[in-house]
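As structure tokens, the structure follows; a few thoughts come after it.
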Ligand SMILES: NC(=O)C1=CN([C@@H]2O[C@H](COP(=O)(O)OP(=O)(O)OC[C@H]3O[C@@H](n4cnc5c(N)ncnc54)[C@H](O)[C@@H]3O)[C@@H](O)[C@H]2O)C=CC1
Ligand SMILES: O=c1[nH]c(=O)c2[nH+]cn([C@@H]3O[C@H](COP(=O)(O)O)[C@@H](O)[C@H]3O)c2[nH]1
Ligand SMILES: [K+]
């Protein structure tokens, strides 16, 4: 860079200079210098490869945790152009069913319709209303999706029923308007508008309930930002990922997920991925199921990354102890500041053509911009998406605040559930927790969060002077991207200060 007197301007540091000073930094420690803007924020292209073979329009994925990603989160993330990874703190059958449900979903329909059986008492509908906010349910002979559709029951049908043990079959409506399987979401929306009903069940030739369109879904859609193009596989199905372990039994899991659900990618879920277990698992999967992408990790150093890339992984997850629920650094004395970890792992991985996912510690849009500007191809979020409508679990009230449970997968609570359902006889008797269990605030729907986050990241890229991830990458490695570490006073200055009262609303 030259000034008017053609003297070089030494302003700020390159990433290589900043991250090689014997100190590890995280996102808040680092601040970027603005670049030159010659494009609009909307023109920024965030498209990135989350693995060698999977491109995402929105480089944000949800974490494989049992309080973050099950069917509904996976479907919604893919619908928004990102992707969800379904956890494996469950049996093979449960996880497979979740991936299959997500894979067979058509955007625009209700993800988990409320379904009751004819013999269920009306009390069950009250329960559904209290726990999930549903005021109606489909009634099928099996009490589940896929059963023969018998009727619909709404709270209006039971308002004046005094005996809460009355079977649903006595009060449900059987005069139904339905649409055939395969009806598009657009047509279903138009039908709902025309017939003025609240629900439109889709049934197959055998009269079985296959999907449910809802007036409220289309009504709510108007209050959410446009979702944009979904993430689809080559067959037009939503992209879905899943986590697995590295035990022998996990080979059966991978086989089932690939052969019976065509899962798009598996994550080898571990706090310390640089192990012979992962190397062997990567080699096994790439040999047995060559079409399936494997994301290994977690890692925080270039040497760890290189070993797993040489074993054949298609993506890497970076972060050790950075998560909001993590206690690994405290308990095990290992880990790394997340900005430093992302920069160093990305440098090695990008030179070998392997994308990385910055996992853990993402608290806001600025952290996403920083992670991607430092070489990550996508970010993985747990806490940011826990407590949303799409996260598993019910809302409850804690000290007057509406919350949902959020817990680390290495917490005692999650491990207790995992060893029951995952490894039927876990021999490791002394369990050391590497995470905590607690609750987070109700955050509304990810249908709002994700589009706003993506827009904020585009704005950040515009300020950096990078109109695409590829351009940011070039600037990172040729030294044009300048940055500095912030003192704690500079960080305080960068936050809101000297206000008596204020409300921080990001959008
Ligand atoms: N990113 C992070 O900072 C952290 C994440 N976590 C999360 O907690 C969960 C549990 O993590 P980990 O305990 O690291 O899971 P893990 O399954 O990798 O490890 C559990 C134990 O099993 C051992 N092991 C794995 N495969 C084996 C095999 N084939 N034969 C014999 N022993 C084997 C491991 O060495 C380790 O001692 C994961 O969901 C992980 O993502 C936990 C701590 C930190
Ligand atoms: O040390 C840990 N103990 C745990 O029990 C645990 N559970 C999850 N993870 C990791 O944290 C990530 C989510 O982090 P955030 O909530 O900050 O998004 C996740 O994506 C994981 O990488 C854990 N780390
Ligand atoms: K932490």
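Going from the start of the chain as shown, residues are counted 1 onward.
Backbone N, Cα and C atoms are what each Cβ position is placed from, and that goes for glycine too.
The domain 'CBS' annotation in TrEMBL covers 105-170 (among others).
Taken from TrEMBL, the feature domain 'CBS' covers 172-228 (among others). Predicted-model confidence for the domain 'CBS' (172-228) is 89, expressed as mean pLDDT.
Per TrEMBL, NAD(+) binding site is recorded for 269, 270, 271, 319, 320, 321. Mapped onto three states, the DSSP output places residue 271 (NAD(+) binding site) in coil. Every protein chain considered, the tally of other Cβ atoms within 10 Å of the Cβ of residue 271 (NAD(+) binding site) stands at 20.
The Cβ of residue 410 (IMP binding site) lies under 8 Å from the Cβ of 271, 326, 327, 328, 433, 434, 435, each of which sits 6+ residues away along the same chain. The IMP binding site annotation in TrEMBL covers 324, 359, 360, 361, 382, 383, 406, 407, 408, 409, 410, 434.
For 326, the entry in TrEMBL reads active site, thioimidate intermediate. Secondary structure from DSSP puts residue 326 (active site, thioimidate intermediate) in a beta strand.
Summarising the annotation, TrEMBL assigns active site, proton acceptor to 422.
Contact annotation for recorded positions (321, 326, 382, 406) versus ligand 3: 321, 326, each with CB under 6 Å from a ligand atom. In this structure, residue 360 (IMP binding site) belongs to neither helix nor strand by DSSP; it is coil.
The IMP-binding residues named in the record, 324, 359, 360, 361, 382, 383, 406, 407, 408, 409, 410, 434, extend over a maximum Cα to Cα distance of 16 Å. Remark: of the recorded positions 320, 326, the most isolated position is 326 (fewest other Cβ atoms within 10 Å of its Cβ). Across the fold, the C-alpha of residue 320 (NAD(+) binding site) and the C-alpha of residue 360 (IMP binding site) stand 8 Å from each other. Among the binding-site residues 324, 382, 406, not one has its Cβ under 6 Å from an atom of ligand 1. Ligand 2 lies under 6 Å from the Cβ of the following binding-site residues, listed in sequence order from 324, 382, 406: 324, 382. Mapped onto DSSP classes, the domain 'CBS' (105-170) shows 17 helix, 16 strand, 33 coil.
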